[in-house]
Amino acid sequence: MRGLLQAASLVALSLLPPLAFADSPSDLYYTTNDALLSQPDLFSVYDDRPKDCPPCFDCNRDDFTCQQFANCSKSTGRCLCPPGFGGEDCSKPLCGSLADGANRAPRHKPKCKCKDGWEGVNCNTCQTNNACRSMMPSDQKDAAVCYTDGVVVEENFQMCNITNRKIVDQLKHDGIPQATFSCNAPRKECNFQFWVAQRESFYCALDTCDWTRDETDGRNKTKYECENIKCKCIPGRMLCGGNGGVDLADFLTEEIKGPASFTTTKTKGGSDSDGSVFSEPNMNVLIGSIFGDPSIFLDCHAGECMHQSKVPGYTRPINKINTPLIAGVIAGVSLFLLAVLLLVFMLNRRSTGRYGPVRLDTDEEEENARLLADHKPAALYFENIHYQLKEKKILSNIMGSVHPGELLAIMGASGAGKTSFLDILARKKKRGTVMGDFWLNGEKVSNDDFRSVIGFVDQEDTMLPTLTVHETILDSALLRLPKEMSRNAKEQKVEDVERQLGIYHIRHQVIGSEEGAGRGISGGEKRRVGIACELVTSPSILFLDEPTSGLDAYNAFNVVECLVTLVKTYNRTVVFTIHQPRSNIVALFDQLMLLAEGRMVYSGPFHRCQSYFDSIGYSCPPGFNIADYLIDLTMQNGAPAEPEDEIEDDGPSYLAAIENGRITRASSTMAVKSVPSISGSVEDRSSLRPRASRKSSVRQQQERQLYSRRSTQDNNTTPASLRSADDSLLERDPDLVRLKQQAPPSLADTHNLPPSVSGPNTSNLDILVTAFAESDVASDLHTSLQTAINTASDSHPEPNGTTSPAGLTRVRGYRKPGLPTQFFILSRRTWRNLYRNPMLMLAHYAIAIVLAVLTGYLFYGLTYNLKGFQNRLGVFFFLLALFGFSTLTSLTVFAPERLLFVRERAKGYYHPLAYYVAKVMMDILPLRLLPPIIMGCIVYPMTGLLPHWSEFGTFMMFIVLFNLAAAMICLFIGICVKNQGVANLLGVLVMLFSLLFGGFLLNHETIPKPMLWLQSLSIFHFAFEGLIVNEVRTLTLADHKYGLDIEVPGSAILSSFGFNNLALWDDAVGLAVFCGVFVVLGYGALHVLLVERR
């Protein structure tokens, strides 16, 4: 009786439904399919049979059955065992772990040794998350979870100990009573095994199961309910006839039918009611009558491996947008923009009176004077100067000299070659071919040494319109005055020059321009500022191209007088071109050179000029400005020497002669335009002129009187003025034609005149040129030139006429500031230019803020699904396109200052490297670095990108590097291409082609192989791939379609789009290389291409 009761109680225990504590999705990875379940060893029967006897187990035959109610494979005759069981008939438990799959070994010892993290009779129950990692895909191992609650998700496994006290006491001599339970959610089926001392006694199958879960604060209750249950004994085992004991086979088969329920309760902090309860009607009657318990009680441990997203109650994380953070960032950026506006306003409105009077002590004044006077006076000699451009002779056989303390004026009509000759004297690089000899103090010096001691003022003013007059001149002084000279001394020098040129009262006015916000100083004042920039350095030789152009007579005289002061006070040499100066300016000349059509008409001391022209028969009439007379003389004598008597005035031949240049109307005679009538009114000359009989006009008569060659004896009878000649005409008989031809002066007397030049195409200019070449002035000039050369050669003899090193040390320039000082001065100048024209800078900041807010609003709260992936692609593409095309403004970084840089470089203001670094730094910091940082700080939190500092830092790094790389490319194009239209077109094309190969519009795998190399030249590819890999590679993207939840690793999607998940840092290095390469290329282009050529 005792054995029967014991058997009945064990039967009841064996029928308990499985505990509902484990709720894991193992069905996702394990099924009863032949290919996935462990297979029995086909030759295991060989252990008990002779060698030659084949296996005879076949579950398709009635005398062979599969335990655990396993299915039979009709094709192989083998049992399809559930997880954790093996052998021919699924009667052997498997060891290792559930993660080993079909490779698990059957148990050969009384107990299995499970792998770390697994437990149970057949090692099916997981204990830790780490144990489930091997059951996840390689890129999802971190998402593995061992779910230990009681609800089944896919297929869970439980290991239970029986806790009924009487039952445990009854079986304590035979072993610990245990049960294993697993449930498959898709099939709504469960299976159960009863074990004593880890040997299986019987097994059961439950179907048509359902389960519920009730959660309250601090308590979790799970209930399984199965409509049907069937059980079967394993013959010879405990409770099934083993050891001659009780056999419950019939009871299990016939009495236990269901329904059955299994309830599990867990309380936070633990409770006496915690545990599992199995209830089945017949089993409850047996347990109650024998053991006094209403049901079977168990203590179970559940375990089911699954992805974290499968855990019951799990919700996919939704990006939590930190609204206070976003508001704070936007407010901070807005305050930054406001601070920039206030800073610009204050800098622009700051009192320019901060430049007060400069006070120098006695030592500083002496040092200043010493440094400026510590120059060897420079005498300039030149001979046989020829210049030819495209087979056209511009200058021919020019010679001359100018000594320290002298002012050389180069005069000539428009097109005479004055500017070209001045450029050649100043050793400017010319486009044509230059020939001739130049000497400095009788010695030949190199171009670099020569340029270091000269100054040059261009005819056209090139200055930054945003700087003040004082700042413009001060920058020139700081960059070019001696390095040893104190700043106070330099400022004092600037003030002195400002006072000398009469611009001290406008020293705080901006230069201004027509294109800027408004006009600044006048054109004449700009000219004086340009002169001041050169005068401030007190060069040994100063060249000026028409310094009085655009100035009124008073200021023109002041400019020339300032030049004279420089010449006389500091013993300097000044050479300048001038066009018809007034008489008080002419009186200041020391040397004069007169050019006509590129040929030398006169070159020598100014005080010998008038006597020389008197000697060759061209006397300046009394009361005439000799400068006007000489200019008109060269114009009048430029035409071929043809008699004009035969050309009828106002007739067709006369007009043709004017058109052909044979007759020119000199400016000196322009005043005689009409003749007063008897009544005092001015009448039309044509109405008083008998057209048929006149052959010479008043103009022709005057020109013959002024510009025809006479003997020196006739010079004493030259009319006092043109008015006397005109008056003689008015004294004619008023009844006759008042414009009767007046007899021209006699040209037959050639006494004391140089011989004329004969030839069919000989002009009066040939006569003038030949006369000077044979004159005493030219002979004396040549003699003085040879004397200076010989003197220098005797002092410093050099073989083969090479440059004397000793001579180079005699005339030298200042030791100018080094590269760091130049960089500081140029950076300050560039910064002033930037904040005084702040529209570009403020536009970058405003656009960055507005578009950042708009972008954040459009892409607000990105999700972790395919739509979120598409939006991530969109936001990165938009950001890169915005920054890429906004950097086209770098094309104009050098455009406004191209001419300024070329001229300042030619004058030796600074080294090109200092200028380039200053411009790049002042462009990068405010325009290329801050806008992407501002935009990134707003867009990143609003869109809900990965909320990790490492990903945020990488994001900022990529957009900044991309912005810099794009800016450097545009900067290089802007330097190389002078035409702004062409530069803009090239910049847009480069950006578009880079965008095409960026990876968004064109998949990497579809690019034709011959064109694949272009992707490695795309900055968009490096930046886009880096941004999307940084964001998506660690994500799992899910989508719900047709009732299914599809989860795809982000890295897999990136691979299908042609992105390399491992190229994150390679992309960053690629962008950095682009930045560095184009910075170097930009400087190379600046150094090689932006060179002055006139």
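Backbone N, Cα and C atoms are what each Cβ position is placed from, and that goes for glycine too.
Residues or ranges marked as compositional bias 'Polar residues' in TrEMBL: 698-721 (among others).
Annotated compositional bias 'Polar residues' per TrEMBL: 790-806 (among others), in sequence order.
As annotated by TrEMBL, disulfide bond applies to C95-C112 (among others). Counting only residues at least six positions away in the same chain, the Cβ atoms of R104, A105, P106, R107, C112, K113, C114, N122, C123 sit under 8 Å from the Cβ of C95 (disulfide bond).
Here TrEMBL flags C114-C123 (among others) as disulfide bond. With a 10 A radius on its CB, C123 (disulfide bond) counts 26 other CB atoms from all the protein chains.
Annotation comment: TrEMBL describes 86-124 as domain 'EGF-like'.
Positions annotated as domain 'ABC transporter' by TrEMBL: 380-622.
Residues or ranges marked as region 'Disordered' in TrEMBL: 674-729 (among others).
The region 'Disordered' annotation in TrEMBL covers 790-809 (among others).
Residues or ranges marked as signal peptide in TrEMBL: 1-22.
As annotated by TrEMBL, transmembrane segment applies to 325-347 (among others).
Positions annotated as transmembrane segment by TrEMBL: 839-860 (among others).
Taken from TrEMBL, the feature transmembrane segment covers 872-895 (among others). Below 8 angstroms of C-beta separation, residues 840, 844, 847, 851, 855, 859, 862, 901, 919, 923, 927-928, 931-932, 935, 939, 943, 945, 959, 962-963, 966-971, 973-975, 980, 983-984, 987-988, 991, 994-995, 998, 1000, 1019-1020, 1023-1024, 1027-1028, 1031-1032, 1086, 1090 of the same chain, each at least six residues beyond the ends of the transmembrane segment (872-895), sit close to that stretch.
Summarising the annotation, TrEMBL assigns transmembrane segment to 929-949 (among others).
What TrEMBL records for 955-975 (among others) is transmembrane segment.
For 982-1002 (among others), the entry in TrEMBL reads transmembrane segment. Residues 873, 877, 880-881, 884-885, 888, 891, 895, 966, 969-970, 973-974, 1014-1015, 1017-1021, 1023-1025, 1057-1059 of the same chain, all 6+ positions outside the transmembrane segment (982-1002), place their C-beta atoms under 8 angstroms from a C-beta of that stretch.
Marked as transmembrane segment by TrEMBL: 1068-1091 (among others). Distant neighbours of the transmembrane segment (1068-1091): 429, 894, 898, 901-902, 905-906, 912-913, 915-916, 920, 954, 957-958, 961-962, 964-965, 968-969, 971-972, 975-976, 1016, 1019, 1022-1023, 1026; these residues of the same chain sit at least 6 beyond its ends, with a Cβ under 8 Å from one of its Cβ atoms.
When the neighbouring Cβ atoms lying within 10 Å are counted for each of the disulfide-bonded residues (C112, C114), the highest count belongs to C112. Shown for the domain 'EGF-like' (86-124): DSSP residue counts in helix, strand and coil, namely 6 helix, 9 strand, 24 coil. Mean pLDDT across the domain 'EGF-like' (86-124) comes to 88 in this model.
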